[in-house]
Each structure stands twice: as C-alpha cells, then as structure tokens.
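Let me begin by presenting the structure, written as structure tokens, before commenting on it.
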C-alpha cells in the first residue's frame, strides 16, 4: 500500500480539460477506491510453502503523507499559467507540435503527482495495465527531473508503483532493478519516513524474488527490511511482530524450520506483550508455529499451538479460520495415529466449509483429500477412492474466481494418494493436469520442477527409464534456474536422476549426480540422515562399476558403520550393506577391520531408528 496521493479539485478539473491533447487523464475516470494490497497467497495449507505480498499500512501512509507534492493546496492551479503561456507559443503551431510541447512539460513539479494518481486509479480498477505502465513511466520521469539530485520520496513511491505494474505483467526482470534503485534513494538518517520507504522497497523486492521462485534472495531482502524496521520502530513494535511472522513464513517455504521457529517466537512474544489476550495476531502466530512444529515432527507441540489458535479465532468470531485450523488439528492427530480424533476434526471443518462456502468449493475438496489420505493409511482403500473422486468432481468444475493454483495443488495431493495405492497411471494423469494449469509461469518454476521430479519417480517405478531421465533433466534445470540449487529437495532429485542414469548405463553421469547430491544433503541433513546414507550407498555402487574399488569400499564401510550404530546389526538394511561390502572386500583381497561393539549395538535398536 503506497498510501493516498491527494490532489486539488482544480488540478483534476484542468487535466480533464486537457485530456484530448496531453493524455493526462484516463478514458474512464473512477471514483477514489480503496487500494488493493498485493499479497502473496499461501500455497500450502499444511506443510506447503506460502507466497503472498506484503501489507504496508500505517508505515506507507506516513510515507504518502510526507510527500510534499501530494498535499492539497488552496492556491490557484499551477497548470493555469503554464497553459496560458503554451496558448501563446503554440498559437500558430500544428497539433503535433503542441503535443510534443506538452509532453516535454514533464519538468513541471505538479505533473508527476497527477500522473501517479491516474496510474494508481487504473491499478485499482484493473483496466488497461499497459496504459497504466506508460503513465507510471511518465510519472517517474517527471519526478526524476524535479528532484535536483536530492532524495525524493515521490520518486521512491513512483518506482514502487512502476515495479508493481511490471510484476503484474509478469516482467519480473524489469521490476527488480527498479526496486533496487528505489532502495538506494532513501537516506535513513533523514528520518523515519525515509527509513520506512527503504523498508517498503526491501519487502517488495523480496516479494518479487519470491514470485520468481528465488526464495534465498527473497529471504535476504526480507531480513534487510526487518532490520531497518527494527532500527526505526524498536524491537517491540507490533508491526515488527507482523514482519517477523512474514519472514518466518518465507523460511518455512525454504524448509528452514529452525530459523522460522525463532522468528515466529519473537512475533508471539511481541504480540503477547502488546495485544489483548487471544488476539487475531497471536492466533496467526500460533497457527504458523503449529505448522513449523508439525514440519519438524513435534506433533504434540503443534497440536497445542493449533488448539490455542483455534480458541483465539473462535473468540473473534472467525468461523472459516477456525475450520482451517481444525484441518491442521486433524493433520496433527493423523501424524500421531489418533485416527478417530482426526476424523472428527476433519468432519467439523467439512461442515463449516459446506455451510460457509458451498458444496462445490475447493476448501470442501481439500477436506475430502485429507479424509482420503486418512482412510488410505488405515487400509480402507475403497473409502479413500470415494473421497478422491468427490474431490476430483469439485476440482473438475470449480466455482468462478477460484485461483487455478489452488486446483493444481489439490490435484498434486490426490496424485500422491493414488501413487501410494500403486495406481501410477492415474497419478501421472493428475500430475500432467497440474503441470498444464501451472504452465510456464515465471513465478511457478520451482513448483513445476517439483511436479516434474515426482513424475520422474513414477516413470522410474513403471520402468520407463528414458521418460524418467528426460523428466528429471527438465526438473533439474528448473531447480537450478529458480535458485533451488542448495535445497534438500534438489539433492533428492539429483539422486533420483542418478538412478535413472544407471538404468540407461550412463555411469559417469550418474556418478557426477550422486556426488553433487551428496554435497547438498551433507550440508542440509548431515552425514547420518537416511537420505544422505542412501546417496553414499549409490555412490559406492557407481565407484565399483567404474573400477574405483578402494573408493567404493571406503564409502560402503562408513555406511555400514553408521547403519549398525543407528539401526543395529540385525536390521535388514544393515545385513544387505554388509553383504555388498563383503563382496567388494573379497574382490580386493582385503578383510574388514572389526570394531568392538556393545551388546546394545549388536541388537536391533528400534528406538534409535532415524525418522525419515
């Protein structure tokens, strides 16, 4: 929200009079309307990442009010003298020359605010975004000519609007340098308003990177904005709490749950100190904290936060939000294998959604998907299929105005259930539909890469190794382009692509992929995680195939040691790895050096199994 740029009635009247010549007014002048905030919508209801734009309320209202060109004036319209002068100059000139003279009037200090207001009105009405972009460019040019080299908040505001229009048109690469420039202009030492202008630019730049799928860059921008806001407003300002929660959500998208938990706890402390008990802000903090705990496997703590959030939302009369939290409560119960309680939570949410949203709303379908997953896990496959079909019926004919991304996310969830039923053909069909919905949108490259990776796994399971390889190749390239080169998901995709290469006898390529996957997973998960150990084992196999016997023995010996320590010597995985190691040692003419072990280690220590 960039605030409200006010102009005098005389200015509006004059620009309407000159509409035919200098095109200062839009064809359809709308009445002043409330500004729509750009907000990134959460794409994951549970354990799925969220993307939404940042709300700038009182901060940016202060920015707008401080703008000297935006204030009303009781003086005569400054266009009057200029227009009279132009009448003399252009009396004998053709129309084209008159138009050029008026456009060159961008040095007029009052032209920029008028153009910026027209741009904002067109953005609010949603009409002709290309025309709005043209007006924003002219407004920016006008402000640039009137700054005299001094930091201008009018120019900053105009750059923010210009970047927003570029983003709305999908031209993110054009928006980024505009926002970078807007961040450079304000001087924090010049006062709070300058600092908040810089903060707003950082947050909007973070949003733009997030829409491109570059989560790491977006987090860097958000963190810089948060530090500026803390310096200006103080550590305990409620607005700082809101920003902490916002940045925590970005960390959740990046699967950085420890950092997300720290920031969310700060938000909770701030809102608990400043707000009333059971406030909306505290409820939102607790819902996010529940999601973080859920993602870390701490389901009891997640359940506690969800219940407190539900009580706060209920106290404020937000029925639909309570239903959303009930779904989260059901998810936590499902993870704890408390199936009856999970069903009750889901049914409660289903009743509210049907009443508030209608029988055919995607929210209703999302509950059907959860019920399908639950019944599949307890072995009631027929009931699970029925719920899947109910959800697909809704997703097939959604209500008007439903975001297509919400439909695609639902199809992905149902595909995962069909995959667990070993119905790979139906799962692939649904993933292809989701892929078609997302298309080649620049802001969805990371999501598309994830879908393609899942399709690659299914092709591999079906024995279509060439299709699997090609799909993984496309997925990997998108992960690299979207800045996901260091994520654990990217490491797992590299490992899967390596397996497809082995089936196609591309051993050298498989080795390169396994080595890259190992480096990523060692950093993200550590050397003892099951996924990391799986990559070690695969890498040992390729080294063996390449004749690098000593390297293979060294890696496999390490894997066997770790598996014996964590799983016990009687575990089937340990026995299989030891057999492979024995064959390699026999081929090399070597004997494995034994290490002394306790009786506890020799037994199958099921309580120490690492959770995948």
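Placement of Cβ uses the backbone N, Cα and C atoms for every residue, glycine included.
Marked as region 'Disordered' by TrEMBL: 1-93.
Here TrEMBL flags 25-37 (among others) as compositional bias 'Basic and acidic residues'.
The annotation compositional bias 'Basic residues' is assigned in TrEMBL to 38-55.
Sequence annotations record features per position, and here TrEMBL assigns compositional bias 'Basic and acidic residues' to 72-85 (among others).
As annotated by TrEMBL, repeat 'TPR' applies to 323-356 (among others). Remote same-chain partners of the repeat 'TPR' (323-356), defined as residues 6 or more beyond its termini with a Cβ less than 8 Å from a stretch Cβ, comprise 45-46, 287, 290-291, 294, 299-300, 302-303, 306-307, 309-310, 313, 363-364, 366-368, 370-371, 373-374, 377-378.
The repeat 'TPR' annotation in TrEMBL covers 408-441 (among others). Broken down with DSSP, the repeat 'TPR' (408-441) shows 28 helix, 0 strand, 6 coil.
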The predicted model's mean pLDDT over the repeat 'TPR' (408-441) is 90
Taking DSSP helix as H, G and I and strand as E and B, the repeat 'TPR' (323-356) has 31 helix, 0 strand, 3 coil
